């Protein structure tokens, strides 16, 4: 903006800051924008305000730490069941925030972090728990897949790429990234391939476990901002992983057999104690897991030692699967109902249909992950024909439709022409 005073020709061309009103002669620099100006002093003031806000978001006051109950309640909105695992995660995240506050107080006592291991059968909600945490946390969060990792120097992702993803989630703010949370999925896939030494290196198994040790415990990792080894001339960023919380999860297929065999002893001979095969559900058996079982499964002792908190997830029964289909905010039934609403058609699932879908998912042993593929198979033909159908008001799916013995019921709206003729 410009001002004029008393017809003075010099004042006609004088520019002023649109925020503080100082003239261009009173400040060092005046930056022009579309019809507005801002001086260097106002820019510095804005930067100071932003820095203070960043500090307050990085290190919250004690009253601002989300309580475990608050985190638990939010997880309940999206994840059905798994109360024990949700409590473990809620406490861990709450303590993570407290550790950040404690570190800022320069106390003599250093609080060590407690990395978490989630164990549960496929489709029970491990990944969904991590994804839901990402929605509610006020710290940078990233997910990684252990199956893509290899030792440094081999084709594949380096372990440092995990830190790079966290850095990207923090918009390359190193200070924020150093207080983030990392979730590594499919951690059971990097178990040692065999107990016998081999002349070939296990670059995607034990080698990855060895590489993960340091960043999980705490080290200064050199991270290439552009990733990979394609830009050897780039400057590396130094990220301290001491305050990064690591949550790792896996299905650990076969671990239940390792646990069941523990302590059974020999069953050979006349006086042997012959036992029946363990008939318990997988989730019940996994609840008894001990570090020695993980060692026999193929994790190295050093890696298990850096995961002091172990949470096991339960198998999902019919009731839980029906709840998953209907209750969460992003439930599958609600998603398909929304798709049908876009065509102006309602969609209804009867109670026996929901139970039949849950039974099929249990039979497939895919947990909640198999629900979507079952729903797609049931509704495929209906979704194909729906845009070309006229007058359909509602589609009803019952148990016979799920079992393949009938087609979905189409309810047609009464036409206005028919109503007029009747009148």
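Cβ atoms here come from the backbone N, Cα and C positions, even for glycine.
All protein chains included, residue 20 (Zn(2+) binding site) registers 13 other Cβ atoms within 10 Å of its own Cβ. DSSP assigns residue 20 (Zn(2+) binding site) to coil in the three-state reduction, outside any helix or strand. What Swiss-Prot records for 17, 20, 39, 42 is Zn(2+) binding site.
Annotation comment: Swiss-Prot describes 121, 122, 123, 124, 125, 126, 127, 128 as ATP binding site. Annotation for residue 121 (ATP binding site): spatial neighbours 251, 282, 283, 286, 313, 315, 365, 367, criterion Cβ-Cβ under 8 Å with sequence separation of six or more.
Annotated domain 'ClpX-type ZB' per Swiss-Prot: 5-58, in sequence order, evidence recorded as sequence analysis.
The binding-site residues near residue 17 (Zn(2+) binding site), taking a 10 angstroms Cα-Cα threshold over the set 124, 126, 127, amount to none. DSSP assigns residue 125 (ATP binding site) to coil, not to a helix or a strand. Around the Cβ of residue 126 (ATP binding site), 27 further Cβ atoms fall within 10 Å across all displayed protein chains. Here the binding-site residues are 17, 39, 42, 124, 128, and the one ringed by the most other CB atoms within 10 angstroms is 124. The distance from the Cα of residue 20 (Zn(2+) binding site) to the Cα of residue 128 (ATP binding site) comes to 49 Å.
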